[in-house]
Every structure is written in structure tokens, then in C-alpha cells.
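Notes follow the structure.
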Amino acid sequence: MSQASTTTLESGALLSGPRGLQYGSPAHRKEKAAAMPDSPAEVKTQPRSTPPSMPPPPPTSSQGATRPPSFTPHTHGEDGPATSLPHGRFHGCLKWSMVCLLMNGSSHSPTAIHGAPSTPNGFSNGPATSSTASLSTQHLPPACGARQLSKLKRFLTTLQQFGSDISPEIGERVRTLVLGLVNSTLTIEEFHAKLQEATNFPLRPFVIPFLKANLPLLQRELLHCARLAKQTPAQYLAQHEQLLLDASATSPVDSSELLLEVNENGKRRTPDRTKENGSDRDPLHPDHLSKRSCTLSPAQRCSPSNGLPHPTPPPPPHYRLEDMAMAHHFRDSYRHPDPRELRERHRPLAIPGSRQEEVIDHRLTEREWAEEWKHLNSLLNCIMDMVEKTRRSLTVLRRCQEADREELNHWIRCYSDSEEGKKGPTPISARSLNSCSGPEGSQLDVHRDFTPRTLSGYMPEEIWRKAEEAVNEVKRQAMSELQKAVSDAERKAHELITTERAKMERALAEAKRQASEDALTVINQQEDSSESCWNCGRKASETCSGCNAARYCGSFCQHKDWEKHHHVCGQSLQGPAAAVADPLPGQPDATASPSEAGSAGPSRPCSPGPPGPLDAAVPR
């Protein structure tokens, strides 16, 4: 069947509306048989020809006691067939029943495994949602889960293509809704409501139970692929969107692995972990072995390109109708796998369309066991090579350390001999003893050095001790040299400081002397000046009456300066004053100056009289 016909049929099955073909009629069965040549109807022994208006046939003795299914007669002149699911349990494989539900809106499943017959073409008004949702909890074969995933992906692809046929905008909205549903951001009810709002076409009522029953399988597959790719489910879905919305693409990871998680009490088990613990070969689960008979199709079991035969092939009586239907279903999709595909079947990430939709048997074949033993043998050989290389490296390192230790002992002996030579000359007796026992003594030293090492093996403590002693000796010498250099530097610094201090003191003394000389020069200049006071240096207004040369600002400065001035005062007038005193010996001179009185009494040169009044000599 081509992709276009699949899309047309499925898009027509999704929407409820008037149908031109009568469901359950011979023409309808003829058209359906022509559309699906691989239907299990080819291998059934009792084809159904009951018209929809007849009640269901009574249960036979082989089917056991079952609940009588409710049946509502229906005519097709109204709005198409009734939109509810029949009572009863479906076929364990669930392939053709759900395909017919999606395609034609009728139940065309084979006889149920557990004995409950399904209604041929009628639809009951019972709780179809609960009965359909309970299908996901039944222990179905892994291949059935793979087919359910394939149908769900085809259903979502048909939805997206139907929206794209309406308009590109609606197709984009439908694609966003599908991605949100798979990504768990939308619930099934929200998806249903928004899809109906986007397309203005209502879906059939069995779509919601179908999604509730099969959407968790697709979400588990998405989560498993995302974990293998080390991504979040949203990231993985964004990168591999074509795997979901492309009808020709296959799943990148085998979906039977995900279904095994559901069938085995929800335990997550990857292929590697299953191979390690070997739990799938546990003989305590016979029902599990009976389920494993459905993991591979008969064509794949008998394929000559699979290498060695399966260790425990199921006997021929265990083939059932499900296996035959599966062989018909996978007749085109399965081809003989090539050895390269067998080697690469455990790779989680593959190019879309490069792998077939197959179910992997986790039990190891003899070839895989041989490869495992080969890998283990190569691993052990690598470990042995590493151990041998390590042992050789340790031997070489030990020899090098022994050579270094011998050289270190030689240098230590040379150093000790040089130290003894520095301390003083060796006594004659000791020197003769050393000369007599030269080679023998050296041999004894070597024997003494190596005897405990040969007894105790490798002793690094002595080497470290001698090396530390040599290093400490070098440190001591370096410290002594450093102390000498520091002391010399300190001595030179002190000498330099002393020299600079002496220079500074001499400079200060010279500056003080120069300052005193400058002060004396200023004083002398002030004394020579006739405009300033000889005592204080201020502007002079009076003149000494004795010498008529000294200038003072007042009588206070004159009396203050008299102790120094009386030595020079009147010397220039001493001769004329004596000549004046001779012709007038008896005349009292009321205005005689102190210099004249001093000259009159030469016997008292050191006790001059008080200075005369200034106003007598200074004109007013």
C-alpha cells in the first residue's frame, strides 16, 4: 500500500462524518481485503460473514464462559457508524484490531486469545475507554508494542499531513500540538480540544483511549533515546522531529526494548546491563520464555545470515496465529541482515532509515560469546604487558639508584678525607695503617656499605640520610659565607655612616663659624656707621660728648655701651685736653668731659668716671 493511500485512508478514519460505504457489507469486506492483502484474515479458519444487523454468535464450548457482549443494531443512514468501542478483550497482538479501528471504524480482530469473542461490526455503548486503556496493562508480546508504536507514529503523521492539506498554517499548528503531546507539555484532552479548534473537524471517540493506551510507549521510547543521547526529551525531539512525523522513517532505537520494560514489572533494562546480569536467561520464569518465542519472526529465526543457530530454538508446535500474522506483517520490512548490521545493532543513535524495525534478542550467541572471550583475553594480555613493563622499569630505577648511592658514598668519603686534611696532619701510625689496609679497607668499606643492603634489599633511608647530611653541610657553608658577607656589608656601612657624620659635623661647624663672622662684620659695620646706635643699631640721635664720635639713640644705650666704649673714648683728645688743663689749673670746669677727668687722673685708667651729660655736647 502506498503512502498516499495510507494517508487518505487514515485521515478519513480520523474524522467522523457520513460514509458512503456500508460497514460490514460484503462490498466493504471485499474492498478491505483488496486494500490489505497481509491481513490475518488470510490465515483464519473461520472468516466472519455475519451482517451487522445480526446479533453476535453464541460462544462455543472451546471459548469458555464469557460475558455476553452488548450489541446495538445500527443503520448507516445517519451520521455514519456509532462511535464507541465494543466490549470484550482484543487479540493479544492488537495489530489488526487497532488498524481496523483507525482505518474503518470497525472491529475486525481475530478471535481473542482468552476466549472472549469480539463483535464483528457493531459498536456497544459500554465503557469503551476503560476496556481500551486496560490493553496497555496486558502482557503483550514485544513485537506488538513495536507495531503499536508504528501505528501511533503513523497516526500522528496522518494528523500532521491532514492539517497541511488544509493549509500550511493549520499544518504548522497541528505539528506544534503533536510535538507538545509527545513532549508531555499537553494532556490528551487538551490536545484533543486544541486540535478540534485548529482543524474544525471532530475526532472519533476511540482516538483518546487509543492515545492513552499507546502514548506512554512512545514517550518511553523518546525518554530512552534522549538518555542514550545524553539530552533532554525536548532537545532530542527537536533534533529528531522527522523520526516522529515522517511515515517512511523508522525508530532509531528498537521499541521492543521499551516494551520489555512494561512487560517486566516496569524495570528499566538496557541491553548491556541485560547481558551483564544474564537475567533474561533465568530458568525460573517459564512464562517469560514463552513470551520470548514472539520476539523474532520465523523468517528471522531461520535466516542463514544470522550466523550460528539460536541456542534454545522454540519447537514448531509453539508457532501460533500471532507468529504467522507477524511473519506476514514483517515480510516486506524484514530483510536478511548483513553482518555489518549485526555488529551495529546495539548502537543507540543511527541515521534515520538505516535500521530496520527489529526486536533484539538479548541472549548472547556463540559468536558473541567468542567475541567477549576474545576481548577479555586481549584485555588480560594488555594488563600482563603493563605489569611486565612496570617490573622492568622498577628494575632499571633500582639499578640507577644503586649507582647514585655508590657515587654519593664516594663523594662523602672524599669530603670527609678533605675535612680531616684541613683539621691537621694525620699521625704516622694511622697513616701507615691506612696505607697498609688501602685496597682491603676500601673493599671492607664497600662490603660494609652493601652488606646490609643485600640482606634487607633496597634501603632508601640511608641514601636519604647521607644526601640530607651533604645538603646540610652545603647549607652550613652557604650560611657562613652569607654571614661573612653580611658582616662585611654592615662594617662598610658603619664606616660610611661615620665618615658622612664627620663631614656633616665639619660642615656645620664651618657654617656656624661663618655665621658668627658675618654677625661680627655686621656689628663692626654698625659701629663704623654714624647713623645708627652703637649699642642697639637703631637710628642714632645723640653723640657721645667725650669723643664726639659715638652715636647713641639715648642715654640708656650710652650707659649700656660705656663699659666697652670708655676704652676708646677720649684717646684722640687726650693730648689737647692736657694742654688746656695746664694754663688753667685752678679754674673749675663745670663742663669737663669724663675723658678729661680720666686723663687728669692717669693713675685710675681702669675705673673711669660716669659719662658726662649728652645734651652738653650735642646741639639741640
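For all residues, glycine too, the Cβ spot is worked out from N, Cα and C.
The model shown is predicted, which means the values in this text are computed figures rather than measured ones.
The Zn(2+) 2 binding site annotation in Swiss-Prot covers C544, C547, H565, C569, and the record cites sequence analysis as its basis. Following the DSSP three-state reduction, the secondary structure of C544 (Zn(2+) 2 binding site) is coil.
Residues or ranges marked as compositional bias 'Polar residues' in Swiss-Prot: 1-10 (among others).
Taken from Swiss-Prot, the feature compositional bias 'Polar residues' applies to 118-139 (among others).
Annotation source Swiss-Prot lists compositional bias 'Polar residues' at 292-306 (among others).
As annotated by Swiss-Prot, domain 'TAFH' applies to 146-241.
The phosphoserine annotation in Swiss-Prot covers S603 (among others) and rests on similarity to another entry.
For S607 (among others), the entry in Swiss-Prot reads phosphoserine, with the evidence type similarity to another entry.
Residues or ranges marked as region 'Disordered' in Swiss-Prot: 1-84 (among others).
Annotation comment: Swiss-Prot describes 112-140 (among others) as region 'Disordered'.
In the predicted model, the region 'Interaction with ZBTB33' (120-217) shows an average pLDDT of 75. The region 'Interaction with ZBTB33' annotation in Swiss-Prot covers 120-217.
The region 'Interaction with HIF1A' annotation in Swiss-Prot covers 151-243, and the record cites similarity to another entry as its basis. Assigned with DSSP, the residues of the region 'Interaction with HIF1A' (151-243) fall into helix, strand and coil as follows: 75 helix, 1 strand, 17 coil.
For 256-321 (among others), the entry in Swiss-Prot reads region 'Disordered'.
Summarising the annotation, Swiss-Prot assigns region 'Disordered' to 334-354 (among others).
Annotation source Swiss-Prot lists region 'Disordered' at 419-447 (among others).
The region 'Mediates interaction with PRKAR2A' feature in Swiss-Prot is assigned to 462-483; the stated evidence is similarity to another entry. Mapped onto DSSP helix, strand and coil, the region 'Mediates interaction with PRKAR2A' (462-483) counts 22 helix, 0 strand, 0 coil.
What Swiss-Prot records for 577-620 (among others) is region 'Disordered'.
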Cβ contacts under 8 Å made by the region 'Mediates interaction with PRKAR2A' (462-483) with residues that lie 6+ beyond its boundaries: 401, 404-405, 408-409, 411-412, 415, 453
Cβ neighbour count within 10 Å of C547 (Zn(2+) 2 binding site): 18
Residues near H565 (Zn(2+) 2 binding site) in space but at least six apart in sequence (CB under 8 A): W534, C544, A550, Q558
Local backbone state of C569 (Zn(2+) 2 binding site), from DSSP in three classes: coil
